[in-house]
């Protein structure tokens with residue numbers, strides 16, 4: 001903005017012109033020198049005139065300004081020992097004191113706008129509130145507490161309002177606080193989460209070298225971060241690290257997660273770490289508890305990642321490796337016995353899944369209901385919404401009189417449950433995706449069984465939380481549990497139940513070519529021995545002709561960029577299962593490494609993501625509030641248009657590819 005009241009003019013151009021005139025006379029170019037001399041004299045006279053005029057204008061402004069203020073205000077201005085300025089409603093600086101001038105560059109002063117210096121300042125807000133404080137305003141690498149007041153003047157109109165702003169330098173206090181915070185200690189727990197698996201595929205002679213190199217890497221990492229180092233198990237370490245070093249690691253996205261994978265001593269599996277960090281706690285013990293929770297979360301999400309936890313915030317880094325099957329039969333037996341014991345001690349048993357329930361949830365729920373009945377307890381499956389994916393299964397179930405009354409709504413559950421009832425939540429662990437969160441919160445006894453990576457906002461206060469991201473499906477987990485809960489299961493389980501369990505596995509594994517391990521095929525073989533009929537399973541997965549036509553319409557909209565296919569469902573479609581099926585189909589296209597399908601349902605947009613494993617759709621969609629697995633994930637974005645959701649998705653995909661994490 002043009003400076004109206006600056007009294008000091010830059011006269012360098014006059015000096016330059018004077019020197020030029022002198023040079024011209026020396027060179028005996030008298031005509032041009034004479035003309036230049038006349039111009040110089042005119043400019044000097046003009047400069048003197050402008051200078052006097054500016055002084056006159058400034059004096060007039062001061063007189064006018066003084067006439068608007070009462071005596072108390074004038075005394076206040078004279079006695080404040082802080083940098084002080086006065087501005088008008090537009091934020092233009094009209095006056096400043098010497099203290100302010102000594103703190104800031106001359107080009108930031110009179111005639112300029114306060115907003116250029118104090119970005120937080122709003123004259124409109126101060127006019128309404130009369131006085132406003134701005135804490136720790138950063139101005140030229142210094143911190144000030146800024147106080148802005150509406151001046152009491154003789155003129156009351158808004159457009160002539162004047163504002164007094166003074167700054168109290170708080171730089172020392174802020175830097176002291178930052179230094180104090182940076183010196184605080186956090187707790188870092190490190191677990192070589194796949195050490196046993198790595199050692200199994202490493203030649204015996206190389207094992208000592210590999211173990212020594214892993215320890216050397218972690219020691220070097222602790223020294224780099226000036227940490228206290230403790231190894232408390234053959235694969236577990238604890239570091240005490242200052243906050244500033246934790247912050248550096250966050251900025252570097254925990255490079256050790258990738259560096260450790262470079263260790264090659266004949267091992268065909270890369271070494272991976274899980275890191276849990278606790279910071280921001282009041283005591284070291286609280287930070288340790290944060291770190292333990294963070295470690296549990298990192299491991300339950302498949303490992304190979306770092307989780308940073310404070311009192312009310314979580315951050316995730318890494319998670320770029322596909323999960324490797326590593327759960328044991330011993331753990332399954334322990335979980336099964338615990339589930340059996342809790343069911344026996346409960347009255348009614350209620351089973352709930354996620355919104356838009358699918359066959360993996362439903363098959364697992366029906367299978368588990370058999371165990372509950374064998375233990376002599378009443379069982380109910382909660383389904384609030386009709387799902388096209390369950391249409392065939394429900395029709396088959398309705399043919400059997402035994403299952404009458406098995407399926408109820410949340411509303412009925414509220415009416416018949418009591419304090420000794422238990423809620424078993426299947427195929428979901430995130431609060432935002434359960435069918436009815438109010439119902440979940442109303443139960444004091446809860447069990448969670450899921451195969452998705454543990455979500456940051458997972459359901460808490462559970463009696464049992466059995467989350468196995470290494471499993472192909474919840475049906476796989478429930479089938480294993482059933483073998484330990486029900487004796488002579490093959491004599492008691494019904495054909496429809498084993499068919500639904502196998503159908504659920506088929507859905508989540510995409511007919512056994514996605515996310516399958518040895519245990520997956522063992523479980524499927526067990527269900528076949530129990531009487532599962534593949535042809536009946538196929539019928540449970542049937543899609544009608546209209547469904548095929550709708551798939552074709554969505555596939556027509558696909559766009560493929562850098563091996564990533566993206567498609568949008570027409571607005572008239574509202575079947576989220578269709579979107580998931582299309583995402584699966586798109587992986588059959590040559591060159592497609594990952595696929596995303598968006599569908600608008602009411603005011604929300606649902607996104608299904610699939611990949612072959614070189615791109616983590618889970619990391620991409622988790623940044624949009626979703627989750628899942630490395631190769632299969634989904635999310636729901638509330639109150640957004642299809643176009644906006646697509647834009648948000650593309651932004652996260654580009655961010656993922658730019659960081660080069662695949």
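In case you wondered, yes, glycine gets a Cβ from its N, Cα and C as well.
TrEMBL entries are annotated by machine, without manual review.
What TrEMBL records for 354, 358, 427 is Mn(2+) 1 binding site. In the shown protein chains, 29 other C-beta atoms lie within 10 A of the C-beta of residue 427 (Mn(2+) 1 binding site).
With a 10 A radius on its CB, residue 451 (Mn(2+) 2 binding site) counts 26 other CB atoms from all the protein chains. Residue 451 (Mn(2+) 2 binding site) falls outside any helix or strand according to DSSP and counts as coil. Residues or ranges marked as Mn(2+) 2 binding site by TrEMBL: 360, 427, 451, 508.
The predicted model assigns the domain 'GGDEF' (183-311) a mean pLDDT of 90. Under the heading domain 'GGDEF', TrEMBL lists 183-311.
Taken from TrEMBL, the feature transmembrane segment covers 12-27 (among others). Long-range contacts of the transmembrane segment (12-27) within its own chain (CB-CB distance under 8 A, at least 6 residues past either end) are made by residues 33, 36-37, 39-40, 43-44, 47.
For 33-50 (among others), the entry in TrEMBL reads transmembrane segment.
Listed in sequence order, the residues 353, 356, 357, 360, 361, 426, 428, 474 complete the 8 Å Cβ shell around the Mn(2+) 1 site centroid, once 354, 358, 427 themselves are left out. Across the domain 'GGDEF' (183-311), DSSP assigns 61 helix, 28 strand, 40 coil. Using a 10 Å Cβ-Cβ cutoff, residue 354 (Mn(2+) 1 binding site) registers 21 neighbours. Relative to residue 451 (Mn(2+) 2 binding site), the binding-site residues with Cα atoms inside 10 Å are 427, the candidates having been 354, 358, 427. Geometry remark: residue 427 (Mn(2+) 1 binding site) versus residue 508 (Mn(2+) 2 binding site), CA distance 11 Å.
Geometry remark: residue 360 (Mn(2+) 2 binding site) versus residue 354 (Mn(2+) 1 binding site), CA distance 11 Å. A Cβ within 8 Å of the Cβ centre of 360, 427, 451, 508, the residues given for Mn(2+) 2, is found for these other residues of the same chain: 358, 361, 364, 450, 452, 471, 472, 473, 474, 475, 476, 504, 507.
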